[in-house]
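**Student:** Pasting the relevant annotations from TrEMBL:
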| type | residues | note |
| --- | --- | --- |
| ACT_SITE | B:87 | active site, nucleophile |
| ACT_SITE | B:196 | active site |
| ACT_SITE | B:198 | active site |
C-alpha cells in the first residue's frame, strides 16, 4: 500500500486504500511515483499552479474542438487558464456529443409535453429511463448511436456501441436482457457497403452474443444518403426489481470512489470530440485510434459483478464509463450530488504505463464502471470483483461541498501534482447552449411538389406480379436472415418473439408470464419529405409494431440521427422532428424516457436524411397471449379469415415502391393520425387477450403486398386475396397492394371468431375489411383476378438478395417448418363456422351477424366480380356508423343473394351486408372502368377514389 | 428421489440459466456448480452449458478445461457420471479429451443461429435414450465455432461404434464433417452436442419441445443405473 502525500489538503487522513482485486496481480503505482519528482512543465505535467503562473501560454483548444468564446468561458470559470488535463476535460464535456449544446433547447419539449405517467421511475437525464411494469418489477431501455466509429472501424465501432448501451442499462441497477440494432447503410450494391455492413453485423453479433444477450429485432435499411455515414444504433433492455434502482450521485463525503473493470488504455481518446462531433472529411479513415476496442468477456464479468454488488447493497452510486470516459463519470457523479471529489489519478490501472493524465481522463476504454462505496463496504466490493476476476481500484474519495454551501470541487492529482481543480458542475451543466439558426431547406417546397402519386404505376396483372417479386427482393424489403442469423436470439430462454416479427417480445417474469414488447423504427425518406410528420410516422410505426403483438405501449426512447447542426437546414429538420415526436408522444399519452442525439452525420456538404429512430416499449400481462405475424398452418381445408384494419389511401410519396422502381423521392409522406393508432392499439390488445387473432402484421414499407408475403412465408401458409371493389380496375389494385398509408394492420382471425372480432372493431371505432383467407394447402399467394405466385417463387425472390450481395454464406435450403414442427398455441376456431370464403369455388356462405358488422357488398363491376368491400367510405364512418351497425346486426338476414344490391349501394353508410367472395368468370383486369384507361402520370391522382382519400 | 443435475458456470458461460431451467422442466433439481468448485456436491449428472467460457481466449474451451471443477468432472466421467456438453460445453469436452476431435470456426466464418433439424442416430447414450433411432428433431443451433473435425480414422471409428449421436439434416449449418452435430464417448455417458436442446423445452420460447428429450433421457438413465 502506498500512502500519498496530499497536495490538496493539509492532512491526508482517510486517504482510501489503494486496493486492487484482480485475477492478475496489479501493477503497483508506487513504481511510477518513484520516477517522477519534478514539479514543473519539463516533467510533462501541466499543474494547476503552473497554469496560474503562465496565463499567456498558448493552448490547442481549437484543435480539440473548442471555439474561442468557449475557451474564454473556461478561463472565466477557473479564473486562470485551464491545465492541459482540464482543457481536455472541458473539450470533451462541452462537445456536442456530451453537452447536447445544439439540441438542448429543443429536447426540452420531451419533458414539457410529456404526458403524466406514474410508471416513470427515472427519466431523461439519467443513463436510461426506467419504467415500472408491475408492483415489483421495472424495465429500463434506451437506444443510442455509434455511427461515426462504425464507419471508421465497422467491427469495433458496432461492438462497442452495443457495449456502451449495455453499461447504461447496467448502471440503472438492471440486468440487461436483450438488445436490438437499427442499422442504416449506403446503397446495398456499393463497394463500401460490402466493407461496412459485414463488419457492423459481425460486431453487433460478436459483442452481443458473447455477452449472452438475445438480439430480438432492429432494422437494416439501405439508402445512398448513408453511404459515407452509416447509422449504427443500438438498443438495450434491462430488468430490475423496483427497489434496486441505482443512482449515479456521489453522495456521502468520505465515501470511496472505485474504478471497476478493464484497464485504461489509449483507445478512444477524443472519441466524442474529434470523431462524433465533427463532419467526416477526406482522411477520416485516419481516425482509427479514436475508435474504442471492446472486450465483451470483460463486460460479461462486469455485469455479473455489478449485479452482485447491487443485490448485496454495496454501492451508494454508480456510473458507467462511456463517451468521455473517466472525465464524464467523475464530473457527473459529483455534480449530481453537489459534492466534490478527490482523485489520485496514478492509481488508475493502465494498459500503457506511459499514459499522461489528460489521456487517462479522456480515454474511452471500454468495460469500466465507477462506483461510490461506503468505506466499510470497500472490502466486500473488492472481494466481489475478485470473485468475478475484474479489476477494482479505489482511486479517490467523495469530498464535502464548500464551506459556503456551494458544490464541492473536483481535485485530481497526478503523482502528487494537482492537475485538475474544477467545479464539476461547470463541465456537466454549465456547458454552452446554442439556439442555432434554423431555416427550412430551400429545396423542400420543390421536393414536396414532386409527388410520387403522379408516377406511372403498374396497371395490369403481369406487371403487378412482376412488381411484387421485384419489391420483395429489393434490399430494404428482402429477407434479412443473412444478418439476423448472426445474432443469438435464444440465449436467456425468455425470447418469445424476435426478428422478423414486428416486435421483439421478452418474458420478464416466468411465474406470471409478464413481459414486454419492443420495436424500433424510422424512415429517413419520410422525414426528409417532412421531418415533423416523419418523426410522428416513425413513432406511429413503432407503436403499431408493439400493438400488433397484443402489448400495450407505455414508453418511448429515441435516437435522433442528423447532419451538421451548423447547417440551418439540418437544424430546422432537427427542430421539426423533435417537435413532431414530442407532439406525437403527447397525443399517444406515452412519455419519452431517454435517448440520444447524433449530429454531424454528414460527409462534406451532404447530410444524411434526417433519421429519427424511435423505440416503443409495451407491456404484455401474459406473454402467452402474444400474437405473431405469420399465417398459421391448419389441418385439412381449414383456414383463417384475413382482415385489413385501417384505411388505405393513395399514398405513394416517399414509398419504397417509388424509390425502388423510379428512384424517386418527393411529395409528402403518408398522413398520420395518432388518435386512430391509439384506437387500433386498443383493439389489438383486447383482441389478443381473448384470442381472436391467429396473426397480426403491421403494414409499413412496401404496403400490404409486403405484409402478405411476409406472413405467408413465415410458416409456408398461402393466402387468397380479393381486391376490394373500390380498388378494382386500372392501377388501383396496385394502390391497394403498395400504398403505404399508416394506421393499418393485417390480421388473420380463426373461424368462429369473426363475429366477435368485427364487433370489437366496432367498439373501438376501427374500420375493417375482409380481404381474403389463408390457404394452408394452396402453396401460393393469390390475388384474385391479378396473379398467383407460388410460395417457393416468393421465397426465392425474398431470400436471395442479401446472400447474393454479401456472399460468404452458402445458401442452405431450409424447408419451412411443416405444421407439425411449429408449436402454436393461438386459438383455433372452436365455434361453428361463421363465414366461408372460397375464391375458387365461389361459394359464399354467409353469416348474418358477421356480415352485418361492416360489409357493404356493392355490385361487382360488370356484374362479374363481387369482392368483400368496406362499407364506410369516409374516414369518420366507423364511429359514426356504429348505431347503424348495431341495427344492421339486428336487421340483416343471412340469406341475401350474392351480387347486386343496388338499394344498399345508395345508402353506403349503413353498414349492413354480407361477406362474399365470388369467382370472377373473367376479370379482364386490363379493361379499365375509368375514363382515362391509362396510367399516364397526370392521371395518377385522379384515380384515387374520392371517398377514401381525402388528401 | 429427485435427480440432482449440476450445471457449471464458468466466467463467460451464457446458457447456464437456460440449462438449469431445462433440467427443472424435465423434473430434476438443477444444482449450480461454480468453475472454482473443487467438488461436485454429489450431483447425479453434469451439464456444461453454452457460452464463451473465459472469453474463448486462446481457443474455445481451452482454458475452461483446466478449471478446478473440470478435474472432478473428468474423474467422475471416467466413473460413468453422465455429462452433457452443449456448444461451448462440447468444445470443453473435446479440449478435455473426454471426446475425440475438435470444433473449429464455421466454414462460412459467420456466427449462425437457426432452427435446425437433427437426426438422432445413437439412442443408447445417457442423454438420448428416450428418442427413437432415426428420429428427426428441431433444435436451435447457434455458434461461431461449431465445425466438427477429426481425422478420418477417428470419424470412421465413431461411425463404426455408433457414436455419432446426431447429424444435421436439411443443411449443414457450420460445415461439420459428415454432418456431425453430436457425438458420445465409448461408454455413452458423455455426450457433446453443438445445437442447444435447452432452447427447445418450452412452446413459448423454443421452436419445438424436442430438446426436453435429452434431459428426460438422463433421468431415465439414472433410474436404470446402478446406484
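Including glycine, each Cβ sits where the backbone N, Cα and C put it.
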**Student:** If I restrict to non-local contacts, at least six residues apart, and a C-beta distance under 8 angstroms, what lies near residue B:87 (active site, nucleophile) in its own chain?
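**Tutor:** Residue B:87 (active site, nucleophile) has long-range Cβ partners B:15, B:49, B:50, B:51, B:142, B:143, B:146, B:193, B:194, B:195, B:196.
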**Student:** Select from B:87, B:196, B:198 the active-site residues whose C-beta atom falls under 8 Å of at least one C-beta in chain A, and return them in sequence order or as 'none'.
**Tutor:** B:196, B:198
**Student:** For the residue listed as 'active site, nucleophile', what is the secondary structure by DSSP, using just helix, strand and coil?
**Tutor:** coil
**Student:** Which site among B:196, B:198 has the most other CB atoms no more than 10 Å from its CB, taking these as active-site residues?
**Tutor:** B:198
